[in-house]
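*Asks:* I'd like to ask you about the structure that follows.
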Amino acid sequence: MANLVENHGITFKDIGFLEVGTETIIDKSKPVKTVLMSLFEESGNHDVEGVDTKNACYGGTASVFNAVNWIESSSWDGRHALVVAADIASYAEGPARPTGGAGAVAVLIGPNASLVFDRGVRSTRMVHHWDFYKPELASEYPTVDGHFSNTCYMRSLDACYTLFTRKFSRLYLRNSDKPVSLDYVVFHAPNCKLVQKAYGRMVYNDMLQDPENEKYAPIKEYAKYGNSEQSYLDKNLEQAITQFSKGEYHKKVVCSLYAAKNIGNMYTASVWTCLSSLLSLTSDEDILDKRIGMFSYGSGSAASFFSLKVIGSTKSFREAIQIKTRLEQRVKIVPQVFIKLLNLRENVASQKDYTPLGEISTLASGTYYLQRIDEKFRRTYCRV
């Protein structure tokens, strides 16, 4: 957040709304947002709305929606809104552990932006599922039903995308037969294989709306399934739509997965880091006047599909994010060392009167790190 303010030529006085989306809980009462308010002390600005939002991987997106709603409301006073989505995604030993990662994104929302939200087309699906949850308060590891969670993700995508296209057609295409066109699509990315299947599922839904279109001939035989339970179980269908959509997937989605491929899952930060990858690695020529579809999913479950339009230069994003440079500066460690570090985290979880161990010299300039936890669990942070 500090880097964003410094890089974009604004001050903390210019921010009237700050909200944090996270599922990495270190306190059952005190919000992360209140800790970030320490950055506002020097400015004297304490008139800042917003709190923490928790809903698995969806919390960051909910916070962005709250920020947009604040700006559209009678409460807006002309200042910027800022959203932070940040998480550590770690897993117990087993097949899920390599998919873990960590990430934090700060999103600045205000007037005269290069990206604008398409109004009136946001779609949401909220249901009750036990696909991924964290009932053990002494552990940060989740309880996961992986296959069921993937199915929940796809069901939510089907419902949200179908409703999005219906709303978009009504508002922007005047209910014509013209299909909704998205130039890029950004997904919540627990893993990149799931994202490729998800884009195939979007194309499958397009086919269901226009099954007689000749371009869908290679997958038309699967239209009989619709969005029935069988459609989520049939591996032949999954393989067919994934293969059929492969060309468009590489054109519209792959560029957004650069960070996800190199970092892993980032929970609330995932979909917004994917958007950052797209903006950081795409030239003005390739993205100006283009529309970006966004799908956000959080287990439990909550999901939304919405879209953004690029109406101005994204040069400032590329200069500020520099995602390739940052990732190339990381320090490699062998798996055995990584496991030792995870074991250390397990052993010191919930400790007080503790000074963390770690090599500060490897941290990038401007990074904040935990310096100390005192005898009352109060945390002190320092900046490199």
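Here the Cβ of each residue, glycine as well, is placed from N, Cα and C on the backbone.
Curation does not apply to TrEMBL; its annotations are automatic.
Copying in the features that TrEMBL gives for the protein in this structure:
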type     : residues               : note
DOMAIN   : 3-113                  : domain 'Hydroxymethylglutaryl-coenzyme A synthase N-terminal'
ACT_SITE : Glu23                  : active site, proton donor/acceptor
ACT_SITE : Cys57                  : active site, acyl-thioester intermediate
DOMAIN   : 115-382                : domain 'Hydroxymethylglutaryl-coenzyme A synthase C-terminal'
BINDING  : Ser149, Lys193, Lys197 : CoA binding site
ACT_SITE : His188                 : active site, proton donor/acceptor
*Asks:* What kind of secondary structure is His188 (active site, proton donor/acceptor) part of, going by DSSP in three states?
*Replies:* coil
*Asks:* Out of Glu23, Ser149, Lys193, Lys197, the recorded positions in the record, which is closest to Cys57 (active site, acyl-thioester intermediate) when you go by Cα distance?
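*Replies:* Among Glu23, Ser149, Lys193, Lys197, Glu23.
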*Asks:* Over the domain 'Hydroxymethylglutaryl-coenzyme A synthase C-terminal' (115-382), what is the model's mean pLDDT?
*Replies:* 95
*Asks:* How big is the gap, in Å, between the Cα of Ser149 (CoA binding site) and that of His188 (active site, proton donor/acceptor), rounded to a whole number?
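*Replies:* Counting only the Cα atoms, the answer is 13 Å.
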*Asks:* According to DSSP, how is the domain 'Hydroxymethylglutaryl-coenzyme A synthase N-terminal' (3-113) divided among helix, strand and coil residues?
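*Replies:* The composition, in the requested order, is 37 helix, 31 strand, 43 coil.
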*Asks:* Over all pairs within Ser149, Lys193, Lys197, the annotated CoA binders, what is the largest Cα to Cα distance, rounded to whole Å?
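*Replies:* Across Ser149, Lys193, Lys197, the widest Cα separation comes out at 14 Å.
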*Asks:* For the CoA site given as Ser149, Lys193, Lys197, which other residues of the same chain have their Cβ within 8 Å of the site's Cβ centre?
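*Replies:* Apart from Ser149, Lys193, Lys197, the close residues are Asn150, Tyr153, Met154, Pro190, Asn191, Leu194, Val195, Ala198.
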*Asks:* Reported as an integer number of Å, what is the Cα distance between Glu23 (active site, proton donor/acceptor) and His188 (active site, proton donor/acceptor)?
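*Replies:* A Cα-Cα distance of 15 Å.
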*Asks:* Mind checking which of His188, Lys193, Lys197 has the fewest other CB atoms within 10 A of its CB? They're the recorded positions.
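*Replies:* Candidates: the recorded positions His188, Lys193, Lys197. Fewest Cβ atoms within 10 Å: Lys193.
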*Asks:* In this structure, which of the recorded positions Glu23, Cys57, Ser149 has the fewest other Cβ atoms within 10 Å of its Cβ?
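*Replies:* Counting other Cβ atoms within 10 Å of each of the recorded positions Glu23, Cys57, Ser149, the minimum falls on Ser149.
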